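Colleague: I have a structure I would like to understand better, so I am pasting it below and will then ask my questions one at a time.
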Amino acid sequence: MSEIIRLSAADLAAKLAAGEVSSMEATQAHLDRIAAVDGDVHAFLHVSDTALQAAADIDRRRAAGESLGELAGVPLAVKDVLVTTDMPSTSGSKILEGYMSPYDATVVARSRAAGLIPLGKTNMDEFAMGSSTEHSAYGPTRNPWDLDRIPGGSGGGSAAAVAAFEAPLALGSDTGGSIRQPAHVTGTVGMKPTYGGVSRYGAIALASSLDQVGPVSRTVLDSALLHDVIGGHDPNDATSLTDRWPSFAAAAREGASGQVLKGLKVGVIRELPDSGFQAGVSASFRAALATMEAQGAEIVEISAPHFEYGVAAYYLILPAEASSNLAKFDSVRFGLRVDVPGGTVEDVMAATRDAGFGDEVKRRVILGTYALSAGYYDAYYGSAQKVRTLIQRDFDTAFAQVDVIATPSAPTTAFRLGEKIDDPLQMYLNDVTTIPVNLAGVPGISIPSGLAAEDGLPVGIQFIAPAREDARLYRVGAAVEALLLDEWGEPLLAKAPVLGGAR
Ligand code: GLN
């Protein structure tokens, strides 16, 4: 395997800046890797045919002495929920097959402007609904750790691409866990920023009050570097915060080198039941906490009594918003149209949506329409919004006592393909610890905490901070990452079986 693809984005960027590697070489190495392994992994729905051209352009500009962004020349995988002008954007759905956007999502435009090289579009559950990528209309992605297992979802493609060394960095979106849960099951890092911290303009909406775009990578610093590129105010997104953000990369670098764990108060949630969590997940979580404690962190039990109602509230709020957002796929404005000879407009719409949407999308559109219907609105949607407020208050109370909250990032390691696809509730419960974070709008990061003893598969630990304290997560995440790396002696991904040999 080419050494280039093993490099972190930060290390590759340093070599690019030093002229030791060209962006053409780096991009070609990743395209070669995609050609070699993506037949098995299926992380990509589309591979760019202009990536090498973009890389050549960066090399030329660098040679001309232009001052370039830190990540200039580094390849990037882009979740297919983000629209792009030079590649189709399908959001994993048949209804958008071949759809070409007239504009780039802000995060894509900012990545290009910073010199990153989009390699392709990554697979995902249809319209980001799912936890396994099995709901993609284009077939599932497989976990590079074990090709019979799921890579998480909805952003399984982005996580698998990064875990399989097909890309050093990826963009994801997280509405209830779609960046963090795939990170957990693939041994990668995923960050869901503060709501409003990263532009949603050009992210095909699932649930607008929950959606957030964020970075996926193999190291905390790499996510921070990408977050620095994509974050910040965007006038095209009405919910975009106008804050001036600190450098997240600086925070990550400070965390990795410094003493940030000394005196850090880490909250663990009393009400989070141990049952429901795989033994190896709980064990890895507790071991990571012990490692932090040994460095002077203080583990504090906190109460978040409404945390466990997150999933129930989410599955009313999300379908309600999704049913409204997906109304625009009406056979007229975007993508697929199924003609019904002699039929009415309604007939065409119904036939198109019937043919274009998969089962999970239909399930949620029906659920959402029902929850919003007159007579039921207060009982369902209204009640769920009240629960959402209670969860937000739980976080407010907790953050008066602690600096960060820690949870396992998901209840189990990667399950087998097909195992939960026919049981929506089991699928939904994957996000029991990630969903409350979206409901509260606060940031959350998942970093690898180790391998589960019983199956040797990766486990992630999630850190949650108050809104706007994204930098704190990079600081703490990088500190814990550095400590665990010391314990392991090599990155977790070096142990991934499928990646060891030259495939
Ligand atoms: N798995 C969750 C769902 O199916 C989260 C999805 C997401 O974050 N986009 O809704």
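Don't overthink the numbers, they just go from 1 along the chain as shown.
For all residues, glycine too, the Cβ spot is worked out from N, Cα and C.
TrEMBL lists K79, S154 with the feature active site, charge relay system. Annotated active site, acyl-ester intermediate per TrEMBL: S178, in sequence order. What TrEMBL records for 25-473 is domain 'Amidase'.
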Colleague: Quick one: pull the CA-CA distance for S178 (active site, acyl-ester intermediate) versus S154 (active site, charge relay system), whole Å only.
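Modeller: So the Cα of S154 (active site, charge relay system) lies 5 Å away from that of S178 (active site, acyl-ester intermediate).
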Colleague: Would you count the other CB atoms within 10 A of the CB of K79 (active site, charge relay system), including those on all shown protein chains?
Modeller: 33
Colleague: In angstrom units, rounded to an integer, how far apart are the Cα atoms of K79 (active site, charge relay system) and S154 (active site, charge relay system)?
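Modeller: Between the Cα atoms of K79 (active site, charge relay system) and S154 (active site, charge relay system), the distance comes to 10 Å.
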Colleague: So which of K79, S154, S178, listed as active-site residues, have a Cβ under 6 Å from an atom of ligand 1?
Modeller: S154, S178
Colleague: Using a 10 Å radius around its CB, how many other CB atoms surround S154 (active site, charge relay system)?
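Modeller: Step by step: centre on the Cβ of S154 (active site, charge relay system), count other Cβ atoms within 10 Å, giving 35.
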Colleague: Determine the Cβ neighbour count for the residue listed as 'active site, acyl-ester intermediate': the number of other Cβ atoms within 10 Å of its Cβ.
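Modeller: Taking all protein chains shown, the residue listed as 'active site, acyl-ester intermediate' has 36 Cβ neighbours within 10 Å.
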Colleague: Mean pLDDT, the domain 'Amidase' (25-473)?
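Modeller: Taking every residue in the domain 'Amidase' (25-473) and averaging pLDDT yields 97.
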Colleague: Through the lens of DSSP with three states only, how would you label S178 (active site, acyl-ester intermediate)?
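Modeller: Looking at the DSSP assignment, S178 (active site, acyl-ester intermediate) belongs to neither helix nor strand, so coil.
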Colleague: According to DSSP, which kind of secondary structure is S154 (active site, charge relay system) found in, if we only use helix, strand and coil?
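Modeller: SS state of S154 (active site, charge relay system) = coil.
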